[in-house]
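Visitor: Quick one: the structure is below, and I'll ask about it shortly.
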Amino acid sequence: MFNYLRKRFSSHIRERSRRRARLVSKDGRCNIEFGNVGQPRFVFLIDIWTTILDLRWRYKMTIFISAFLGSWFLFGLLWYVVAYIHQDLPEFNPSINHTPCVDNINGLTSAFLFSLETQVTIGYGFRCVTEQCATAIFLLIFQSILGVIINSFMCGAILAKISRSKNRAKTITFSKNAVISKRGGKLCLLIRVANLRKSLLIGSHIYGKLLKTTITPEGETIILDQVNIEFIVDAGNENLFFISPLTIYHIIDKNSPFFHMAAETILQQDFELVVFLDGTVEATSATCQVRTSYIPEEVLWGYRFAPIVSKTKEGKYRVDFQNFSKTVAVETPHCAFCLYTEKEAKAKEKKGYDNPGFVLAEAGETSDTKM
């Protein structure tokens, strides 16, 4: 029992370490950090729009609330200073004929309320600016303009955050595992992808990158070396009719990095297959990219995907997502090299070769036969 628990614990630790080493998570997030960046931090404020959009919702809402509360309180202090300088406050005991800059500002609280009413254009009519002093009129104009700018920027940032095509990518899903089996007489790596919405992705394109550590002939070690992986769809790689789940496949030929892998050794390999799907959202015309990745433990050799599309009696097509990631074991060569070697051997058996130097000699009768 103790040995069993120890094995389970060690396998769990190994699995966690492999998950930590994954560059791209299953939901497409990139696991990478930048250290010792030469550029100072304030360069991100130059492109403040992108910086705000990339923030998490909790930080964005904190900035949203702080921007409005801060501007209201700041201008509330300025209105209080204007009333204090003009001696409009009750502690100065203004005369009956005294005309204040702003009516009914009696303290800091009323100044804050007037600032709030001015910036959000509520205008209750109880507090208002008079024509007595130009400072109050200028401050009113300045706060109104600045309030429109803050309101436009923050509301636009939230609207842009909600409508980002990144959220559309969450309704594109890939199969949990990739499989390797024969397809059309060739050994292929297959992945299933589905669009969970009825709206299409226009101009979709699917491709992949194999990330691994390689050592060059000069002895240089390249971590996260990228190798292009070409995926094929029977319907064509460009302008996919992405209304139903599609099975994309990569042919494992002599030019494929999977050619020298076998069913017995694939789990010992150290690679990460990252799959990308680029397309244009039909509703907003914004481009989006969906990403996922597969490590050796998620590549099943000798399996194919279960059928997922059927036709009902009413003539409708039904997609059963219960079988989306379900796999079925099939007979598959244990390596691509063996499959192509077997094909070449069978092709040579069907061919015949003539030797032009070969002469057939007929056996003649001999007369020196002894009785």
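These residue numbers are counts, starting from 1, taken along the chain as shown.
Backbone N, Cα and C define each Cβ position, glycine as well.
Any TrEMBL annotation is an automated prediction that lacks curation.
Quick paste from TrEMBL:
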- 24-164: domain 'Potassium channel inwardly rectifying transmembrane' (DOMAIN)
- 63-85: transmembrane segment (TRANSMEM)
- 136-160: transmembrane segment (TRANSMEM)
- 172-343: domain 'Inward rectifier potassium channel C-terminal' (DOMAIN)
Visitor: When the domain 'Potassium channel inwardly rectifying transmembrane' (24-164) is classified with DSSP, how many of its residues are helical, how many are strand and how many are coil?
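Guide: Taking each residue of the domain 'Potassium channel inwardly rectifying transmembrane' (24-164) in turn, the totals are 84 helix, 4 strand, 53 coil.
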Visitor: Summarise the model confidence on the domain 'Inward rectifier potassium channel C-terminal' (172-343) as a single mean pLDDT, whole number.
Guide: 85
